[in-house]
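Student: One structure, as structure tokens, below. Some questions next.
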Amino acid sequence: MQRHAIVLAAGKGTRMKSKKYKVLHDVAGKTMIEHVADNVKQSGIDQLVTIVGHGADSVKETLGDTSLYSFQEEQLGTAHAVKMASEHLSESQGTTLVVCGDTPLITTATLKSLVEHHENNQAHATVLSATAENPFGYGRILRDSEGRLVSIVEQKDATDAEQQINEISSGIFAFDNQVLFEKLELVKNDNAQSEYYLPDVLSLILEDRGIVEVFHTNDFEEIMGVNDRVMLSEAEKAFRKRINEQHMKNGVTIIDPVTTYIGADVRIGEDTVVEPGVKLSGNSVIGEDTVIGQHTEITNSKIGSNVTIKQSVINEAIVDDYATIGPFAQLRPGADLGKKVKVGNFVEVKKSVVKAGAKLPHLSYIGDAEIGERTNVGCGSITVNYDGINKFKTVIGDDSFIGCNTNLVAPITLGNRSFIAAGSTITDNVPEDSLALARARQTTKEGYLKK
């Protein structure tokens, strides 16, 4: 049986009070629409259609060709939004899942279970429900004396008694596709908001003695919609808690989960320790037995095993096993550190390969460079890589020693076992096994201040 999905993402989100389209706000390092689309696709969907309106181009740019798109010019309600997908799905057979684009906490497992329940019961429609402590704003699930669904009533149309019901509609549904588009033609806007409600499709199915099921989730957080900045913060908090708990169950020690921010796509190996105030984001991969020190930020980077990082910023970099980083080091895009490399305090590395065993202990800038194995770069040493127009490369061979306060003016190559005297400004290549000294001879005038 074919499975389709429609993601509703046409609302402007005025309560967010933002120039940014609502579903493009981030939760746990990814936009809400990406979270929803990823989980929908992973639930076994063959075809995804996203309904766009305000900010359509931005949504298309975010999801790319992973989805088809239908445009809703006027926002006339959820049934009207779903109807826009008829250009892609009206002739299709099978099951169609309808999900709101502002529900980033919905899981693949719940969506799979919803669809399976729907298909196993040969239902024409199934609604995902939950129990809310505060159901205000949600449609209420109305059942008869035998517990069967009677209808879903929206907040503004509910009586006082109906508003006391705490079983709510999530706004997530599974439908028989042909029945869905047949009934959408019959939906009217006779309600307080003069909108075309998708839940009215369920009432129309029931009128024809069709089968409508309710699938209940015990986790209200999953179906929580995000309509303003407060709810965005709540979603972030819930997502962070979920992510951190999963890592801890997988063998990662997180000292203070409340202050630890780990993105949804980050992977961490067993017995790694994450200290308070750490932020790990993007597609970062952390190995085993590594210590990520407090207030470290790692983005889209690969960190090996048995690495120690103290209070540093690492972005789009690679760090091999047994390396030590920081405190207060910065690895910028293109930094590639080999095994047992040391990058100390106030060292910045950009677009450079630092080979195994090399040491950059403190106060250095290494840019557009290649540092050989076991080479030591002294305090205050700089690769002078930019002439105001172009960047140039510095190459330092293996087992070399760069004295303190040295300037290496690129393009330049220092051979293996080079020895550069402290305080030198080196502008010419240095052959291997050579000493280079480029500084003025010291002049001392004794008794000068007594004159």
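Just so you know, glycine gets a Cβ as well, placed from its N, Cα and C.
Copying in the features that Swiss-Prot gives for the protein in this structure:
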- 8-11, Lys22, Gln72, 77-78, Gly139, Glu154, Asn227, Arg332, Lys350, Tyr365, Asn376: UDP-N-acetyl-alpha-D-glucosamine binding site (BINDING)
- Asp102, Asn227: Mg(2+) binding site (BINDING)
- Asn385, Tyr386, Ala422, Arg439: acetyl-CoA binding site (BINDING)
- 1-229: region 'Pyrophosphorylase' (REGION)
- 230-250: region 'Linker' (REGION)
- 251-451: region 'N-acetyltransferase' (REGION)
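Quick one: how deep are these features, and who are their neighbours?
Tutor: Secondary structure at Lys350 (UDP-N-acetyl-alpha-D-glucosamine binding site), as computed by DSSP, is strand. Spatially close to Lys350 (UDP-N-acetyl-alpha-D-glucosamine binding site) yet at least six residues away along the chain are Arg332, Pro333, Gly334, Ala335, Tyr365, Ile366, Gly367, Asp368, judged by Cβ distances under 8 angstroms.
For Asn227 (UDP-N-acetyl-alpha-D-glucosamine binding site), the Cβ neighbour count at a 10 Å cut-off comes to 16, with all displayed protein chains included.
Counting Cβ atoms from all protein chains shown, Arg439 (acetyl-CoA binding site) has 13 others lying within 10 Å of its own Cβ.
Secondary structure of the region 'Linker' (230-250) per DSSP (helix as H, G, I; strand as E, B; remaining residues coil): 20 helix, 0 strand, 1 coil.
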Student: By a Cβ-Cβ criterion of under 8 Å, what residues six or more beyond either terminus of the region 'Linker' (230-250) are in contact with it?
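Tutor: Beyond its ends, the region 'Linker' (230-250) has Cβ neighbours at 16, 25, 27-28, 32, 104-105, 221, 224, 257, 260-264, 266, 268, 270, 274.
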Student: Which one is it, among the binding-site residues Asp102, Asn385, Arg439, that lies nearest to Lys22 (UDP-N-acetyl-alpha-D-glucosamine binding site) by Cα separation?
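Tutor: Its closest listed neighbour, by Cα, is Asp102.
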Student: For Lys22 (UDP-N-acetyl-alpha-D-glucosamine binding site), just give me the three-state DSSP call.
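Tutor: DSSP call for Lys22 (UDP-N-acetyl-alpha-D-glucosamine binding site): helix.
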Student: Around Gly77 (UDP-N-acetyl-alpha-D-glucosamine binding site), how many other CB atoms lie within 10 A of its CB?
Tutor: 21
Student: Just jot down the residues in the same chain as Asp102 (Mg(2+) binding site), at least 6 apart in sequence, with C-beta under 8 A of its C-beta; none if empty.
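Tutor: Spatial neighbours, sequence-distant, of Asp102 (Mg(2+) binding site): Ala9, Gly11, Gly13, Lys22, Val23, Met32, Val36, Gly225, Val226, Asn227.
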Student: What whole-number value in Å do you get for the largest C-alpha pair distance within Asn385, Tyr386, Ala422, Arg439, the residues recorded as binding acetyl-CoA?
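Tutor: For the residues that bind acetyl-CoA, the greatest Cα distance is 22 Å.
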Student: Which of these binding-site residues has the least crowded Cβ, counting other Cβ atoms within 10 Å: Asn376, Asn385?
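Tutor: Comparing Cβ neighbour counts within 10 Å for the binding-site residues Asn376, Asn385 gives Asn376.
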Student: Near Ala10 (UDP-N-acetyl-alpha-D-glucosamine binding site), how many other Cβ atoms are within 10 Å of its Cβ?
Tutor: 27
